[in-house]
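Asker: The structure follows.
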Amino acid sequence: MAATTTILSSAAPTPLTAPPRARARAPAARRRRLRARDILGAALGLANGGASAALAAPLSYEETLRLSTDSGGGGGGGGGGEFALPDLGLGGVLDFVAQNPLAAAAGVAAVALPLVLAQVLGGASKPYGVVSAAAAYRALVEEPGAQLVDIRPPGDARQSGAPDLREAKKKAAAVPYDGEDKNGFLKKLSLRFKDPENTTLVILDKFDGNSELVAELVTANGYKAAFAVKDGAEGRRGWLSSSLPWTAPKKGFSLSDLIGDGTDGLPVTLGLAAATGLGILAYTEIETVLQFLGSAAIVQLVASKLIYAEDRKRTLKQIDDFFNKKVAPKELVDEIKEIGQALLPSTGTKSQPAITEAAPATAEAAPAAATATAAPPAAPVEETSTEAAPAEPTPLSPYTNYPDLKPPSSPSPLAPAEATKNESESESAATESAPAVNSAPVAEAAPEAAPPAAPRPLSPYPNYPDLKPPSSPSPSAP
């Protein structure tokens, strides 16, 4: 050990070995190239991580001795020279690169290539990844921008339940993932989360099925970050196995299952159910609905017609005209008819009491006239029966009222003496028959009423047998 110490501390040869043969001093440029080569080899060995053991091997005793001798300040008698690092200047590096360009390029590539590969193959942090269930729950509680997305099918979520995020004052967004409809999935997410650049999503699946794939998909479409829960909801190290808060499934009917989590997509079934319920309610309570509608119409009419002065005057005038011109006349006519029917007897009941009252008066005045007028009470029955029959058409010609269609001849004028005699006879007859005036017309009205005449045909042919008129006589020969 003492000999070794003397060798390291002094450049003089040991007495056990022969002194080295004197060599010519190498040029300074050659020494610098050697030093640059040694340093470059050491750098390449460090960069490659020990791939080239020969370049990174330690210096031997002779090489160390030679370097210490070269770095000494004089010839062989120089004493007290210490080992110093090689002085590599900028000029020496430039000279080496100029003389050995291939070696310099290889050295630079060997140093830069590992750094480039580290950046490309995963040196930078990715915005998506896989985390444990406990870490995911902690992120949901601590980070305001973290949201839980449940991508399980709706049937699995209803059967097993969902995570309970009441501690974080949040709610899991149930958005089922379908690998064949990625655009629809992203659209549903955009409806739920309006600020994707500041939103971190925690993806929960039943197991590790599609959670990591969805995390990569959402980060590629503008979300800040996304992390898949390890083993999902029901895995060995998933959410349930980690004893994290969990909401048990609901056994009864729930409107939230029909409506869903999104407020923008109301299912069609809920709309149909609401329409059906409203229809049944309106059908069963139709009277109440009509009353309500009528009340609403009256309120609207009063509000629109009576608020302003001009509308109020016009409305009151219309109401007055309605009651005076449309409603009142009809009611007045109906009331007059009812009063007339109550006070005035009918036609059939009016004739019979008049006959019964007139019969005693005629019996007291003239017994002979009473016997003559005993039969007339049956006459009104005949009149009522004839009135009930349909009316015959009245002929237009007066000749039908005469037998054989022959009117009577005009009377010849009488002498003045005969005229005065006839007038006196008529006056005496009128005075004699005065007491029976009240009863005689009623008795004589029935026999004088002639039956209605048959309608007169417009053609003369019905007057001939077999509708054949007689032939015209042929003229005789002269």
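Using the three backbone atoms N, Cα and C, a Cβ is placed for every residue, glycine included.
Sharing the record's features from Swiss-Prot:
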COMPBIAS  405-414  compositional bias 'Pro residues'
COMPBIAS  449-478  compositional bias 'Pro residues'
DOMAIN    142-248  domain 'Rhodanese'
REGION    1-29  region 'Disordered'
REGION    344-478  region 'Disordered'
TRANSIT   1-21  transit peptide
TRANSIT   22-58  transit peptide
TRANSMEM  102-122  transmembrane segment
TRANSMEM  266-286  transmembrane segment
TRANSMEM  289-309  transmembrane segment
Asker: If you run through the compositional bias 'Pro residues' (449-478) with DSSP, how many residues end up as helix, strand and coil?
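Answerer: Per-class counts: 6 helix, 0 strand, 24 coil.
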Asker: Which value does the mean pLDDT take for the domain 'Rhodanese' (142-248) in this predicted structure?
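Answerer: PLDDT averaged over the stretch: 91.
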Asker: Would you list the DSSP helix, strand and coil counts for the residues of the domain 'Rhodanese' (142-248)?
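Answerer: Tallying H, G and I as helix, E and B as strand, the rest coil: 31 helix, 21 strand, 55 coil.
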